[in-house]
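Undergrad: Got a structure for you, questions after.
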Amino acid sequence: MNKMALASFMKGRTVIGTPDEETMDIELPKKYHEMVGVIFSDTFSYRLKFNWGYRIPVIKEHSEYTEHCWAMHGEIFCYLAKYWLKGFVAFQAAINAAIIEVTTNHSVMEELTSVIGINMKIPPFISKGEIMNEWFHFTCLVSFSSFIYFASLNVARERGKFKKLMTVMGLRESAFWLSWGLTYICFIFIMSIFMALVITSIPIVFHTGFMVIFTLYSLYGLSLIALAFLMSVLIRKPMLAGLAGFLFTVFWGCLGFTVLYRQLPLSLGWVLSLLSPFAFTAGMAQITHLDNYLSGVIFPDPSGDSYKMIATFFILAFDTLFYLIFTLYFERVLPDKDGHGDSPLFFLKSSFWSKHQNTHHEIFENEINPEHSSDDSFEPVSPEFHGKEAIRIRNVIKEYNGKTGKVEALQGIFFDIYEGQITAILGHNGAGKSTLLNILSGLSVSTEGSATIYNTQLSEITDMEEIRKNIGFCPQFNFQFDFLTVRENLRVFAKIKGIQPKEVEQEVKRIIMELDMQSIQDIIAKKLSGGQKRKLTLGIAILGDPQVLLLDEPTAGLDPFSRHRVWSLLKEHKVDRLILFSTQFMDEADILADRKVFLSNGKLKCAGSSLFLKRKWGIGYHLSLHRNEMCDTEKITSLIKQHIPDAKLTTESEEKLVYSLPLEKTNKFPDLYSDLDKCSDQGIRNYAVSVTSLNEVFLNLEGKSAIDEPDFDIGKQEKIHVTRNTGDESEMEQVLCSLPETRKAVSSAALWRRQIYAVATLRFLKLRRERRALLCLLLVLGIAFIPIILEKIMYKVTRETHCWEFSPSMYFLSLEQIPKTPLTSLLIVNNTGSNIEDLVHSLKCQDIVLEIDDFRNRNGSDDPSYNGAIIVSGDQKDYRFSVACNTKKLNCFPVLMGIVSNALMGIFNFTELIQMESTSFSRDDIVLDLGFIDGSIFLLLITNCVSPFIGMSSISDYKKNVQSQLWISGLWPSAYWCGQALVDIPLYFLILFSIHLIYYFIFLGFQLSWELMFVLVVCIIGCAVSLIFLTYVLSFIFRKWRKNNGFWSFGFFIILICVSTIMVSTQYEKLNLILCMIFIPSFTLLGYVMLLIQLDFMRNLDSLDNRINEVNKTILLTTLIPYLQSVIFLFVIRCLEMKYGNEIMNKDPVFRISPRSRETHPNPEEPEEEDEDVQAERVQAANALTAPNLEEEPVITASCLHKEYYETKKSCFSTRKKKIAIRNVSFCVKKGEVLGLLGHNGAGKSTSIKMITGCTKPTAGVVVLQGSRASVRQQHDNSLKFLGYCPQENSLWPKLTMKEHLELYAAVKGLGKEDAALSISRLVEALKLQEQLKAPVKTLSEGIKRKLCFVLSILGNPSVVLLDEPFTGMDPEGQQQMWQILQATVKNKERGTLLTTHYMSEAEAVCDRMAMMVSGTLRCIGSIQHLKNKFGRDYLLEIKMKEPTQVEALHTEILKLFPQAAWQERYSSLMAYKLPVEDVHPLSRAFFKLEAMKQTFNLEEYSLSQATLEQVFLELCKEQELGNVDDKIDTTVEWKLLPQEDP
């Protein structure tokens, strides 16, 4: 080393010896910024060690795609020149000279240090810079990445939601994929044109034409479409499919960057090219490479490199085809939701390739279930239907995989369905009705058994495609495209069903007319009401007039008027067709269906006509006698049994006696009624008779006792209380009366703590079960680690210590080696003018193939076909050398210097060869010096932006109306927000703390004092609180927006990037830093980190103590900033809740928000021509508000309620029309009373209830609850704390269990643990919900969900209960249970209930009074009996014929018997007449006439009863349909509240 130190360039340099390499690696780099290490293995072998990037190039050997030279300011720079310019070669020459001198005692220092380095001729190129080149490739790659995300997301969503059903309706598999493909191909071509224009217009690609870029992008886009299809098939979850497609594209596309640095093996390149992002990146690399050398990609160019681009085009086209084939393959092979999928080798079956006509399944007469043929539970089919079996079901079994094992939904079903009949499938919730319909429609596949439709097997795919042409299917759920209008939906599905284009418009008009949808035909489906969506779904099913109609609860959610219209439509279409439907409404099945099939727990119980079922399982007729105190039960019973010995007394109460009479004894009725007419002196006030209903049949089949159906009075009418089964009711009443009283159970502070704990538990459960949210959060944090991982990889690839041996074999051929690329011979140019044999001989001793030429022939630098050349000058005793290198050979200069050094030593007859290697120092602190910290800063930026993924759950609560439901149930806003914060803040703190721990101690490597560590933790806690509260503020302000965590996180990120850039530009000026930390909460923690780095930097530089103390003070000051922000944000939340939040029931003890008093506005309209009962109710409501002392204050008082909405603008230039939803409605609900609100869809029932709850603010009028003289918002401490509210929509959390819902609401309402457990257990037992108690809500049936909502509304014994269509979607058994509970709750005379419903049976069963609404106005109100007396003075005669051919003769006979009879409607064999009261009395004579007519015309059955409220309701609904158009309430528009009413 002393010899080396004599070199001229070593002046001023220090040479330090170390005992070993470890000392050199660890100690010296800390003291010396720039240092060169020399490690000798022996005398002739050594290794040079440099700091990375100081003396050697920053990359390894280049591949052909990387730029080796660049131009700057008119000069050309090449990477390999760094060896020469930065002194690497000088060190090498000095050390080699020293070794030679020590070995040979000859000094060659002058010869070696005077070697001149020359670059060979550089071919023309375009200089763009490597970073720009890589950024260009990355931009090209990600230009379509967002596309594949949205394509995968949309296709997966559409496939999961619509494809199966559209396939059932006749959509072909190819049509589905082609429609999406063509849609996205248009997008791809537009984007490809745009990208090609951009790339060829800006100085990036100069010599490659537009068509090449366009073709590459187009083929890549097509492959991405196919890849999106494949992802949507492989991954069912739309969100995951989109993310998987995006990550697939980015990852494999980034992997394509390896072609910029490595020459991959050909086979590996072809394999990786099966991944289209890799092939695209490689193609772009090829284009830029050829463009760099001024050739570009030009077609046709057979002699050039264009064939490589052609190969890329072919591989991208092949990738597209490859992905499409796998898409179609996995579409058939992967099991669907039911676990059904084709065999993996389905394509080897002959049936797949040849669409031969399958032999139809022949049905023989004896091919019936032997059980059914001998079972009297099944009515034999009349001979006229023999041979008309349209559907044959044989031993159909359907199994599902449940959590506890296999669940049998259907268990060996056998029966036939006949053409020309309407067949109804009946059964309890979960009986298997929908499963059977899904199997018949092809939506599902049976596990075992077979089914045929018109002798065509459903199990054969080819047959199924034929069957679907003739099937119309209405699923249980509404099915339509939300963004299309009603007309457009019908038009689309008409085309899917294959209706001829010429007939589409005519067919659409027919459906609109038949279902009375003219008023909604141009309205977007998303804005339709539930009943209107149901109409549209049914309309889609009957498009094309299919021969087979399969309808799953087609009239669910329809009002009676619409329901009767559907019945008429189906009756008209049943001739020569098959109609099979399911329903929960027994009356609908009784009237509409010719044959009923009962299922129970997946088994077939019975089948037959109504008369057969009623005779088999019915009780018979119900004779109800209303009595007074003079009535002697024994005498009356004896009288009845004289006429009908089989009569049984079923119910006895103080006011009523109910007897069951056998069906076959109707001939005895006239005499019985004649005697009853004479019993007025025995205490009989009036009597009524009703026939057995299918409800009773259903309950008897299920082994349940039934509540007596509402009776139809046929005698002198007085107020009637419907009598229920006294045993069941008394038991239910005992259960409910024993529930704990909760309204005064706890103090405000204790209740607040209990509510906080309940909300925190809720948030924890939601967080634990919302895997999607956690997955997104983990994904974002994972993305934050990507830059660090990439830096690690790049550090490994380009910066990590690598030992490179500079041997001639790197570039030059050996003597016995066959010529191969990229090795060449070494060119020796003799410029000495004499013989240089000694030098040549010494060079050959190094096993190098030489090519010797004279300088006069070539100078050695003009021919870049050689990897390197040595130009020899001087004379034999004093050689001088110049070395010329090919600019693409990065390590050429060190190799040639080694060759020259060994040649000189060989001249002195020494055979040893000097071997030199190069490596670099690997130091931890080099990371800071070289910017490795940038990746970790990115990690901190992302971490500070993830609070929206944690703190925005309130948006989903708001959109599901759960939040308002909690407020109505008594939850305080402060308890809600603080309860959420108890979970969100610790979670976010753990994330922040963990990431900062990693950042400080792993990436930065500096140690914090315990004091600073404590301050850091305090600051992190404050920032976690501040950012979570900020997120709460944003979620409140933008709660009506879509919950978009990613959008807000990205917004935070952009803000942080901008602020960080400003901080860097201002050199972290203290004032700017503090201001940004104060006003930008997401930057607070990052600014704190910057201060800590600054402090650590000052300590390392031994800065003055006063400067360090100043920074310490700043750090302590900034620690208080997030806590100040937290207080401000919490106050903002309080202000928002006070101004714009949901109405609260009582004063919030923390936010100090009092219930707001409503501003009552005078009603803009005066009532005109009101019914006298409605007018009396208005006066009573007004008196309840103004009278100082009332004997009995109503529980609910609604006075002059008026509600107006504004329609949404249809265009920018249109004006908003005002719609009136509620018009001058007044009513009172008394203590111990159930008031029913009935009305057509859109009549204003739900709006009325929402105004009472405070969810909707009335435009005018006032609501008073619990007798308060002010509004409900001004309650005192001794008044109600919460309402019992069951909304029309199920406001539930899908992933929480039923038990968790009940426990949450019990805590919110103030129940203690023991009381809550007692209440829950008793209510669950009363409604038979034990099996569903631990099941997630999303797995429950609609009926069970309604039960849960109902239980939540009555939990805690509220004094005011509001029920908005609570019994929708429930089977008769469930309805009976809820009716019993509701009746038992009102036994408490302090409690009042308001109920809305569409169904008269519900209202008559549970309501004390009813009010009917039409177009937002109250048309009538009163007790059930009062309304019957007032509007139902006529009688209804229904006759069911056995032979429809007798219609005319029968009609003539009826007019003879009842001259004023009016023919109402006719459903096939059912005839209905309205009879005036004078034609009917006396009833005994009327029944005598009917009995005689029954015998004469062989009638199946008849019933005579007073006109029901159903008919009254239908008449009023017709008024709404035909009313004033301007006044009609259109619920199909998305109304916007008046400006002053909602923020």
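Just so you know, glycine gets a Cβ as well, placed from its N, Cα and C.
In case it helps, Swiss-Prot gives these features for our protein:
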BINDING   Gly427, His428, Asn429, Gly430, Ala431, Gly432, Lys433, Ser434  ATP 1 binding site
BINDING   Gly1239, His1240, Asn1241, Gly1242, Ala1243, Gly1244, Lys1245, Ser1246  ATP 2 binding site
COMPBIAS  1153-1164  compositional bias 'Basic and acidic residues'
COMPBIAS  1165-1174  compositional bias 'Acidic residues'
DOMAIN    391-626  domain 'ABC transporter 1'
DOMAIN    1206-1440  domain 'ABC transporter 2'
REGION    1153-1177  region 'Disordered'
TRANSMEM  83-103  transmembrane segment
TRANSMEM  135-155  transmembrane segment
TRANSMEM  185-205  transmembrane segment
TRANSMEM  210-230  transmembrane segment
TRANSMEM  240-260  transmembrane segment
TRANSMEM  264-284  transmembrane segment
TRANSMEM  310-330  transmembrane segment
TRANSMEM  890-910  transmembrane segment
TRANSMEM  926-946  transmembrane segment
TRANSMEM  1046-1066  transmembrane segment
TRANSMEM  1073-1093  transmembrane segment
TRANSMEM  1113-1133  transmembrane segment
Undergrad: Just counting, how many other CB atoms are there within 10 A of the CB of Gly430 (ATP 1 binding site)?
TA: 19
Undergrad: In Å, rounded, how far does the Cα of Lys1245 (ATP 2 binding site) sit from the Cα of Gly430 (ATP 1 binding site)?
TA: 30
Undergrad: Which one of these binding-site residues, Gly1242, Gly1244, has the sparsest Cβ neighbourhood, judged by other Cβ atoms within 10 angstroms?
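TA: It is Gly1242 that, of the binding-site residues Gly1242, Gly1244, has the fewest other Cβ atoms within 10 Å.
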Undergrad: Please report how many Å separate the Cα atom of Gly430 (ATP 1 binding site) from that of Gly1242 (ATP 2 binding site), as a whole number.
TA: 31
Undergrad: Quick check: which same-chain residues outside Gly427, His428, Asn429, Gly430, Ala431, Gly432, Lys433, Ser434 lie with their CB within 8 A of the centre of the ATP 1 site CB atoms?
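TA: Filtered neighbour residues, in order: Thr435, Leu599, Asp1371.
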Undergrad: Using a 10 Å cut-off on CB atoms, tell me which of the binding-site residues Asn429, Asn1241, Ser1246 is the least crowded.
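TA: Least crowded of the binding-site residues Asn429, Asn1241, Ser1246, by Cβ count within 10 Å, is Asn429.
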Undergrad: Have the transmembrane segment (210-230) and the transmembrane segment (890-910) got at least three CB pairs under 8 Å, pairs 6 or more apart in sequence?
TA: no
Undergrad: Per the 3+ Cβ pairs under 8 Å rule, pairs at least 6 apart in sequence, do the transmembrane segment (83-103) and the transmembrane segment (264-284) touch?
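TA: The answer is no, given that the two segments have fewer than 3 Cβ pairs within the 8 Å cut-off.
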Undergrad: So if I exclude everything within five residues of the ends of the transmembrane segment (1073-1093), which remaining residues of that chain have a CB under 8 angstroms from its CBs? That is, six or more out.
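TA: Hits for the transmembrane segment (1073-1093): 940-941, 944-945, 947, 992, 996, 999-1000, 1004, 1008, 1012, 1016, 1019-1020, 1022-1023, 1026-1027, 1030, 1052, 1055-1056, 1059-1060, 1062-1063, 1111, 1114-1115, 1117-1119, 1121-1122, 1124-1125.
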Undergrad: Where does the mean pLDDT land for the domain 'ABC transporter 1' (391-626)?
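TA: The predicted confidence over the domain 'ABC transporter 1' (391-626), as a mean pLDDT, is 84.
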Undergrad: Taking only C-alpha atoms and a 10 A limit, tell me which of His428, Ala431, Gly432 are near Asn1241 (ATP 2 binding site). These are the binding-site residues.
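TA: So far as Cα distances go, none of the binding-site residues lies within 10 Å of Asn1241 (ATP 2 binding site).
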Undergrad: Counting only residues 6+ away in sequence within the same chain, which have a CB under 8 Å from the CB of Lys433 (ATP 1 binding site)?
TA: Ile425, Leu426, Gly427, Asp552, Ser582, Leu599
Undergrad: Quick check for the class: what is the C-alpha distance, in angstrom and rounded, between Gly1242 (ATP 2 binding site) and Ala431 (ATP 1 binding site)?
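TA: If we compare the Cα positions of Gly1242 (ATP 2 binding site) and Ala431 (ATP 1 binding site), the gap is 32 Å.
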Undergrad: His428 (ATP 1 binding site) to Ala1243 (ATP 2 binding site): how many Å between their Cα atoms?
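TA: Cα to Cα, His428 (ATP 1 binding site) and Ala1243 (ATP 2 binding site) are separated by 30 Å.
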Undergrad: Where does Gly1239 (ATP 2 binding site) sit in the DSSP three-state scheme?
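TA: Once the DSSP labels are grouped into three classes, Gly1239 (ATP 2 binding site) ends up as strand.
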Undergrad: So among the binding-site residues Gly427, Gly432, Gly1239, who's got the most Cβ atoms within 10 Å?
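TA: Counting Cβ neighbours within 10 Å, the top one is Gly1239.
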Undergrad: Looking at the binding-site residues His428, Ser434, Ala1243, Lys1245, which one has the fewest other Cβ atoms within 10 Å of its own Cβ?
TA: Ser434
Undergrad: Which one of the binding-site residues (Ala431, His1240) has its C-beta surrounded by the most other C-beta atoms within 10 angstroms?
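TA: The most densely surrounded of these binding-site residues is His1240.
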Undergrad: Could you tell me how many residues in the compositional bias 'Acidic residues' (1165-1174) are helical, how many are strand and how many are coil under DSSP?
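TA: When I sort the residues of the compositional bias 'Acidic residues' (1165-1174) into the three classes, I find 3 helix, 0 strand, 7 coil.
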